[in-house]
Amino acid sequence: MKFIIITFAIISLLEAITFKHSLYRVESVRKRLMKTGEWPLYLKRKEFYLSNLKTTKQTVKDYEDMEFLANITIGTPPQTFVIVPDTGSSNLWIPDSTCGSSVKQCPSYCEDSVICQFLCDPSCCKSNEKSSRQSNCDQKNKFNSAKSSTYVENGQPFTIQYGSGNAEGFLGTDTVRFVGDYGTLDVPRTTFGQATTISNDFTNSPADGILGLAFKSIAVDGITPPIINAINQNLLDQAIFTVYLQHKGLESTYGTPGGAFTYGAFDSDNCNSQIDYYKLQSATYWQFVINGISIGSTNIRRSFSVISDTGTSLIAGPPAVVERITTIVGATYNQNYGAYLIKCDASFPDVALSINGKNYKILSKYLVDQIGNGMCMFGIFGMNMGGYGPQWILGDPFIMSYCQVYDIGNRRIGFALPKSTN
């Protein structure tokens, strides 16, 4: 995971700064398990897990589709962590040095050795081949607060529930740094989660933790997200950040450079200057309204609530609408994979989102994703949101099609064409 390198372009203006860090693309958990044939079993275990959930403390979300990672450091001297920069959540958490060291209370369903390998801590799996590993945290970078001179103890417990697992532990406060070749952005007095337990789904990911980039209103325990904390301390030129994701085609390899996050300014290096801004529905997620969706001659004229989400490599929408789109493009639903499969050389019209009378095309080449063995997956899938929250989640295919300008200060989101669509 040390291959994740963050590169900043520092531009000083008085005492505030603008900085940019490069992203690297990795293979999502979904695609990796599809290639190995383990995805159908994973889906069944996930359904079992969800059926046993009694409560959730956050809107259910998964990270099995994330594909872009970056680095941060925490503490003095700095300790490095690989994180998912996620506009679909608001908390920062990483594994604590004590992660996996406490006695684990194993749920009864972990007695099933097959279920255990997907949903339980390895220490609960007596017959698991990986039982020699003590915990899901063993392969992660872990934060040792005793080695940081700037650490301030908080101790308040936290739990974040996701669609296929959870992270739990306690809160702490320290300096979080975005570090590059030419300097650092230090954000002191940042509160973050120190996970003492992470579920098995995170073991499959090369990320250590999550860096939430949405608003404080949806943060678990009401903590101030690092980016908001930086703005509150006047550490950035402007209260915005820009995301540019680069498409590398069907043959993208592990560690491929994948774009950039620019904090404090618009990314004029990678994005064209014309920006269309739209007001957010509320300062929660990066959530706004579209007025319809179309493909070819099919036009679905209906308002939908949507979010821009850098934490997923796909687009999710209402099953009935998705079914109409997949019929047009020739994608076929595969029950075992829980996804629509499509020919890798399929040709079909771009999907377009309508916002205030203007169409934003999602390029068709961004909606065909190779999963190995000559198979490709269609980049849109059906998800029932249960009548609350956003109706569409716009992940990488939309963000690759348009640079996203997240304007925190004015509570709006902007779209600009990238200078390159390779």
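Keep in mind that glycine also has a Cβ here, set from the backbone N, Cα and C atoms.
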Task: Of the candidates C99, C106, C110, the one sharing a disulfide with C137 in TrEMBL - done: C99
TODO: Report, in whole Å, the straight Cα-to-Cα distance of D86 (active site) from C99 (disulfide bond).
DONE: 23
Open item on the list: Counting only residues 6+ away in sequence within the same chain, which have a CB under 8 Å from the CB of C137 (disulfide bond)?
Closed with: P95, C99, G100, A195, I198
Open item on the list: On a simple 10 Å Cβ count over all chains shown, which one of the active-site residues D86, D309 is most densely packed?
Closed with: D309
